[in-house]
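According to Swiss-Prot:
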BINDING   9, 10, 47, 51, 141, 142, 147, 150  ATP binding site
BINDING   46, 67, 115, 116, 117, 118, 119, 120, 121  UMP binding site
């Protein structure tokens, strides 16, 4: 199976900072999927690293430049994961999809970050999945699925086990994004998922759920075309 993972920067690099054990656990999960015969791509978010830098930079500059800072943070996080993957990855963070595909064709795990200003890594992962004609897109975040509202600030939010892409658009369509923003699925990614008719799963970004997402035994939300 050809699978693209959108790995939230905040799950790889939590507020407490970098953890050797945490990064190693994610690397082992992706290595195991590769050993099982799957072709694995991982797009890593900027997370707290990006937000900390952007919050300071925003006092001095515009959103476009803040986007560039965020992209660099995603690539730093990508390099950490690449270092933990060892020989299963290439020590290079591609900046476009053609270079990314070359790495996949080398039978390596692809790890990359952001590509364009104003595009979140969710949108990058969805576009990559469309570009390589992936079988599955998995969005691994700090929330365990898609809810009717943001469960982090709405107690009446209801988790949805299965929705279609049109319903996803309705849920995410009213959200606005700025540099460093995070959401379960951002509006642009939702549009790409709908356009490309991508089978998508949203899970809590822990190694166990990453492995379970392939078999279908996950506890997240399945999004169908």
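Using the three backbone atoms N, Cα and C, a Cβ is placed for every residue, glycine included.
Where Swiss-Prot records a feature, it is marked here on the structure.
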| residue | record | DSSP (3 states) |
| --- | --- | --- |
| 9 | ATP binding site | helix |
| 46 | UMP binding site | coil |
| 51 | ATP binding site | helix |
| 115 | UMP binding site | coil |
| 141 | ATP binding site | strand |
Site of maximum Cβ density within 10 Å, from binding-site residues 115, 142:
115
Residues near residue 121 (UMP binding site) in space but at least six apart in sequence (CB under 8 A):
6, 9, 43, 44, 45, 46, 74, 113, 114
Tell me the coarse DSSP state (helix, strand, coil) of residue 147 (ATP binding site).
strand
Where the record says 9, 10, 47, 51, 141, 142, 147, 150 bind ATP, what is the longest distance in Å from one Cα to another among those residues?
24
Using the Cβ centroid of 46, 67, 115, 116, 117, 118, 119, 120, 121 as the reference point for the UMP site, which residues of the same chain not in that list have Cβ within 8 Å?
70, 71, 74, 114, 123, 124
Can you tell me how many other Cβ atoms are located within 10 Å of the Cβ belonging to residue 119 (UMP binding site)?
20
Quick check: of the binding-site residues listed here (10, 47, 141, 142, 147), which one has the Cα closest to that of residue 115 (UMP binding site)?
47
